[in-house]
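According to TrEMBL, the protein has these features:
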type	residues	note
DOMAIN	52-87	domain 'EF-hand'
DOMAIN	88-123	domain 'EF-hand'
DOMAIN	136-171	domain 'EF-hand'
């Protein structure tokens, strides 16, 4: 489904050299060393369907902003990149859970799931990132809740989320983050020697 933004792909070589390259790209796009929501949406939306992805970009930004200070610094950025590129399936699903759990209360409601599904669907179609899903956001949400809400309490816990996604290929594809799905183009006027992310 593609739930990632501004995530450069690993290209071999040493991790330290890749980390340096990620830092260089981050500093060129964000000279202050920090990225605000507005800047993140600008860079994210350039490569992923314009204004259709703004809502989804906002939720990704909030998930990246671990300390909830309203900016993403390089440490938060690289921790997410490293985990999404190199992390285990469980680590990736934990990060995805935070993306869906918009109010950060430790449980995903139907409304939270539906809102993210709608945002992802709009963004994916606008950017031609995914083939059209035959299910609506509402149908996807119902299917996910039917499979994951094992205790029928109308919310999905972290444990239900991870266990269900690990046991079901369709569920894992719908819920897990894939850093290779979204390619964010570098805004005009940046150093052309750096190329694009992706």
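Here the Cβ of each residue, glycine as well, is placed from N, Cα and C on the backbone.
With helix defined as DSSP H, G or I and strand as E or B, the domain 'EF-hand' (52-87) counts 26 helix, 3 strand, 7 coil. Note on the domain 'EF-hand' (136-171): mean pLDDT across this stretch is 93.
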